Amino acid sequence: MASTIPSHALRHLTLTRPWFSKIRCTTSLASSSEDPHQIFPLNADTGSKTGNNSKSQAFFPKKNQVLELECESLAFKGIGVCKVADSGFVLLCNNALPGERFIGRVSRKKGSYAEVTKLKTLSPHWDFVDAPCEYASYCGGCKTQNLSYEAQLRAKEQQVRELVIHVGKFSDKTPDFAHIMKPIVPCDILFHYRNKMEFSFGSQKWLPKELLHEKLDGNDNYALGLHAPGFFDKILNVDKCLLQSEPANKILATVQDSWKDPELGLSPYNVHSHAGFLKHLVLRTGRDMSTGLPELMVNFVTSSYKPEMLKPLVEKISTIPEVVSIMNNVTTSIGNTSVGEEEYTLYGKTTITESLRGLTFQISANSFFQTNTHQAEVLYKLIEDCAGLRGDASEIVLDLFCGTGTIGLTLAKKAKHVYGYEVVAQAVADANKNAKLNGINNTTFVQGDLNKIDENFGKHFPKPDIVISDPNRPGMHMKLIKFLLKLKAPKIVYVSCNPATCARDIDYLCHGAVEQKIKGCYKLRSIQPVDMFPHTPHIECVCLLELC
C-alpha cells in the first residue's frame, strides 16, 4: 500500500535491492494498555494474544514505543525510511541506512508519518564500509561516510528520480523519460574537496553518552569544531576534518593547540549569556594563479574588535606558508552569523584567488563561491552545454540568483550580454569586480530581491534568449514563476541544490497549476543530478526546459 507523504517531499524511494521484512503487529500490541517501551520486532506474530490466527490490523505506532525496524531506503536529506506493512505507514530515522536493522523509539508523530530515534544497531546496512573519519558517527555532516560511494550515488539518483515522478508529476512510463532522466555524475575527489569550512567556538563541549559522566570545568569544557546534531549550544570538538584541504587542517590544529591557553585570556562566545569573544573560525582555500599552489584565508569572527587578543594566534598562523590572509569579522549579533558588521585585515591580503572555467575570481571573507571547486568545473560545463549558446554574441542571458556572477561570467564570452540579479549587495559588488578582473564588459549585475519582484521587473532588461535560475534551497517564489511563464524565454536552465523544490518548480513551469491560476508552457528536456558533496545528503541538479 502506498504511503501518504508529507508536503515537503520526504518521499519513499524504491530501491532495486529487494526489501527485507516489514513491521507487523497485532491490534493488541498497538493498544494503549501495552507497555510503550516493549520492543515490537520485525515479523511479529500476526495472531492475537489468545492464539487466534486472525489477520493483523494495520499498525500505527504510538509515541515512545520501541520498535525493531529495518531501513529500506533514503529520503530527502539522507533520512532513513522504514515502512509498516499493511498500512504503509512511514517511519523516518536519521542516521539509518538501507538494510540496517536497529532498535528505535518513536519520538514524534506527524499525521502521515512518524520520526524515530535510533537506539541500537542490530545488524549493519547494505554496502557497509569503514568510515575513515573518527567523528563520522557523531558529526552528522558526513552521515553516509560508512556507505560505499557507489551505494551513495544509487540512493541520490533514485531520490531525484522519485521526486521528479511524484512531485514533478512526470511519468516514468513515457518513452522519453529515460532520455530526460540522466544518470548522476559522480565526484572524482571523495575527500579534501571543500574549499571552505566554518568551525564554531563554544563554551559547552558535546560529549557522547558514554562520557557524559565526566565533569568538565572551565577551559576543559571549551570546544572548537562543529555543532552537534540537534544542539545549537553544544560543539563537537574537531581536530581534523577530512573534507577540507590539508593546509586548512594544519591551521585548525595550530589554533586548537593554542587558543585555550589561559595566558592568552581568550574566551568562546556563550550563546546563552551572550558573553565571550571568539565566535567562529572560517577557513577558505584558493590557488595562487602564478604557481597553482594553495593559498589560504583565515577569518576569525569575534563579538568585538580586540586585535591585541588575537595577535598571538595571528603570529603562529602566519608562519604556515600557505596562509596569505588573516581577517577579522566583528559581529555584535546574538545569532549564529559569521558575516561581520565590520571587517579588519590582521595579516596579508584581503582576498584569495581561484580559477573556474578559465576565469579568475577574487574571493573575500564573505564571498559566495562554489564550495567544491573541482566539481564546480563539471557543474558549470553541464550548465554551459544546456544553455547551448551559439557563440556569435547575439543572445541575451538572464542570470537569476547570480551570486558573485560565476555562472554568468563563464557564459559571457559567448553571449551578447548577461544580466544578473542577486539580493546580497556584497555578492553583486564581487560580481562586478570579477567581471573587471577578467576583462569582461558585457555583463550587468543588479542588487534585487527576486522574491519581491513586481510588474516592472521585466522592463529593466531586453527579453532574454536564455534564463539561468540558481535559487537557494526554498526554490523560486511563485511571483518569479509567474513572471517566467509570462516572459516565455525560449530556454530555462534551472540549477538546484534541493531536488524537492526543483521538482515542484519545474512542475509549475511545465504543467501549471489550477489553484495558482497558471498554465505551464515549458517542456522538460533533461534533468541531470550531480554529486557535489560525497558522503553528505546534498544533491545538485541541472534541468533544461524549452518553450513548447
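Here the Cβ of each residue, glycine as well, is placed from N, Cα and C on the backbone.
Please treat TrEMBL annotations as automatic predictions, because they have not gone through curation.
Residues or ranges marked as S-adenosyl-L-methionine binding site in TrEMBL: Q370, F401, E422, D470. Annotated active site, nucleophile per TrEMBL: C497, in sequence order.
Projection of TrEMBL feature records onto the structure.
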residue	record	Cβ within 10 Å
Q370	S-adenosyl-L-methionine binding site	22
F401	S-adenosyl-L-methionine binding site	20
E422	S-adenosyl-L-methionine binding site	26
D470	S-adenosyl-L-methionine binding site	21
C497	active site, nucleophile	17
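Among the binding-site residues Q370, F401, D470, the ones whose Cα sits within 10 Å of the Cα of the residue listed as 'active site, nucleophile' are D470. Of the chain residues outside the S-adenosyl-L-methionine site list Q370, F401, E422, D470, F368, D399, C402, G403, T404, T406, I407, P471, V495 have their Cβ within 8 Å of the site's Cβ mean position.
Binding-site extent for S-adenosyl-L-methionine: residues Q370, F401, E422, D470, maximum pairwise Cα distance 15 Å (rounded to the nearest whole number).
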